[in-house]
Every structure is written in structure tokens, then in C-alpha cells.
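Asks: Handing you a structure now.
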Amino acid sequence: MTGDSFSQGWRSTSATLFFISLSLIALKEIGGTAVKINESMVSLATTLKYPESDQTLRKTYTGIESLDYGMRHIVAAFLPGVAGWDVNTQVQQIYFLASFFPIISIWSVEAGRQGNASSFLRWTSVWALFYQTVGGAVVIPLWYVLFFRNSAKQSSWSPASRLLDISYAKALFPALILGYLLPTIALYIPFPDSGFRIHQAFIVLWQPSPLYVNLLIFIISTFITKQETTKRANKSQINLKYLHRVYSAGLAVSAIVHIVIMALCISQRLSQVSFVHSLLHVPATERVTLSGSLHYLFQVDCLVILTAALASAWGVMWDLKNFGKADISTGEIAIQMTVSTVLLGPGATVAGVWLLREHMMADKFVKKA
């Protein structure tokens, strides 16, 4: 790789500062808002009465009071969107969690790379523990710092380093669907549910979904017979087959959700749904309420995470360009990604870039093998 790589030199330093800045901005916004609503959240977790609704929170989820107390905070944060009390909040949550599907897919793939066996990138469960508790917008940009630091090593671009165990690659798709996508869909399926008690349980069960993915990868890969291959090129092509499926699913899911939500906003078929209010900015006047503040927290989380993901996708394309696999300027990359983000959404754009990356790198390995 040349010295002009995104992962090396002053560009690497700039990227590191950019991602750390995103994390600090998120910490400031999320921390400040969390302090403002802390008294209301404590009261809600204690009295079980939501201040802006006649709904009551469940008192027990696990039977362990200290754990249930924390769960009540989490349920209180998600419930306005899951229950659909505010359509704009619900739309934002669905958009956010659908767009996160490609990101958790990327993390799962990178965790399985043979070259990342000794890297902290491999410990996705630890990352998940932190981003589900501290906040995704605070933690996730730091993952990209480590990713590009790791990519700066010449060895990380070797065929052997890029490969995944075949059983692991095969397990990715079903594990991501069963562990993350289906539990996420279950949150927003409308059905008769007095007091939203079942939906509240779904919210609690959804929280460890990234851990479900890891557990399912382990279980499924254990029962998959590994394919006997000796040629490195064949291994690369076998990996590509299963990774193509993973990234295509992420692209399709996030693109469909983006297109449907954009169509709703443009057509005004749901007059109460506003693109700006739902996805970009809750007015300060509405942040005086608990539900408005929670909506704002989700917005900050979503916008920072997707900004980091898009920036990393651009950096990946820059590295491919300097690796000799992308005959395109960095300006053209930015323009094409911008158009894709508008038409298909940020999640689909990120998935598409990583899919393209896999094909380019696999092609490179085949030619070298």
C-alpha cells in the first residue's frame, strides 16, 4: 500500500481525530441530555408511571431488582417508539435500527478475519457491551479508529489475513438474521398487547441482540462441516460467496426501509411524519418533555453512528484506490456515495461499499494466487 493511503500518514492522524471528535460530540450531547432527564427517568423507574401517557411500566423482568431497575430505564427509552405514541419517534427508531444492520454485519465479518485474531476488533461482544450501555455514538467511532490503525499494517491486506474460516463465513448470514434482524422486527410488529407488556419484554430481550449474533455464529459454525480446500484462491472465492449474501441482505433491508420512509415523508400520506423532525432534529421546545428528549438522544446516536460509518466507507474506498483496485478519485467517491445515501440511505451505501471491497479484494487475491 502506498504512503497516500487513508490508513497511513497524516490522513490516518486526521481520521483518528475525526472519529474521536465524533465520539466526544456524542458524549457531550448525550451526557448533557441524560443529566437533564435523569430525575424524570429515576421517577419513572420508581413509580412505573410514564408522565406523558397512561401506560405503566412493568416492574419485573428478571426477578432481580437491581437488574430490573436498569431494565426499566431501557424500556422507558424505547417504549414511545415501540408503542407508537409518537409516530416520528417510531419512524426514527425503525430507520436507525435498520441502518445499523449493515454495521453490525461489518463488525461481525471483520471479527472473523484471520488477520484480526489478535486484535481487539475480534471482541465484538465487549464492544457491544459498551455501546449498549455507554452509548453507540460514543463507542462506535472508536471502533473505526482501531480498524484503520489495523489497516495501516501491510500484513492486514495479505490474502491469508483477509480470509475467514469457512464455517464462520457460512454462519454469518443466519446468525445475523436470527440474532439481530428478527428481534428488531419483533419490536415493531403491532398486535393486541394490553399495557404493551409483551412489547416491553421484547425491548429487554432485544438489548443483547449483538451478543445473540456472536452466540449463534459460534453454535452454527460448530455444526457446519468445514470445506476441504487447499488453494488460497478457492478459499477467497468461498468466503466471497457467503459475504456477498451478508452484505446484500444489509443493503436490501436498509434500502427498503429508507425508500419507504422517504416516500412517506414526501407523499405526506402520514401527515404527522416529518423528515426533519423524525430523523434530523427535534425542536428545542419539544425537548422539555421526556419523550422529546429521548427522541433527541436516539437522533444523536443515529446521526453520529451513520456519519462515522459513511466516513469509514469513504476511507475504505480511498485505501482501495491506493491499493490499485479502484480507478476513481476521492472526490468522485464522495459524490457517488452522496447520491447513493440520498437514494438508498446511509446504511445501504455503507453495505454497498463493503460489498464492493470484498469483490475487489477477492479478485486481487485470485490474480495473485
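Cβ from N, Cα, C; glycine included.
The annotation transmembrane segment is assigned in TrEMBL to 12-31, 94-109, 129-147, 168-189, 209-225, 246-270, 296-316, 337-356.
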Asks: Do any residues of this chain, six or more beyond the ends of the transmembrane segment (209-225), have a C-beta under 8 angstroms from a C-beta of it, and if so which?
Replies: 104, 108, 112, 124-125, 128-129, 132, 165-168, 170-172, 174-176, 178-180, 183-184
Asks: Do at least three CB pairs under 8 A connect the transmembrane segment (129-147) and the transmembrane segment (12-31), leaving out pairs fewer than 6 apart in sequence?
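Replies: Between the transmembrane segment (129-147) and the transmembrane segment (12-31), which are separate recorded stretches, there is contact, as judged by 3 or more close Cβ pairs.
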Asks: With contact taken as 3 or more Cβ pairs under 8 angstroms (pairs 6 or more apart in sequence), are the transmembrane segment (246-270) and the transmembrane segment (337-356) in contact?
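Replies: Yes, the stretches contact each other.
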Asks: Where else in the chain does the transmembrane segment (337-356) make close Cβ contacts, counting only residues six or more beyond its ends and a cut-off under 8 Å?
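Replies: For the transmembrane segment (337-356), the far contacts come to 95, 98-103, 105-106, 109, 243-244, 247-248, 250-255, 257-259, 306, 309-310, 312-314, 316-317, 320.
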Asks: Six or more residues out from either end of the transmembrane segment (296-316), which same-chain residues have a Cβ under 8 Å from its Cβ atoms?
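Replies: Same-chain contacts beyond the flanks: 6-7, 15, 18-19, 22-23, 25-26, 29-30, 33-34, 77, 81, 89, 92-93, 95-96, 99-100, 102-103, 135-137, 140-141, 144, 147-148, 279-282, 287, 330, 333-334, 337, 341, 346-347, 349-350, 353-354, 357.
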Asks: Looking only at residues six or more beyond either end of the transmembrane segment (168-189), which have a C-beta under 8 A from one in the stretch?
Replies: 78, 82, 90, 93-94, 97-98, 101, 104-105, 108-109, 112, 199, 202-203, 205-206, 209-210, 212-218, 220-221, 224, 238-239, 242-243, 245-246, 249, 253
Asks: Near the transmembrane segment (94-109), which residues from the same chain, at least 6 beyond its ends, have a CB less than 8 A from one of its CBs?
Replies: 81, 121, 124, 127, 136, 140, 143, 164, 172, 175-176, 180-181, 184, 187-188, 210, 213-214, 217, 243, 246-247, 249-251, 253-254, 257-258, 261, 278-279, 298, 301-302, 305-306, 309, 345-348, 350-351, 354
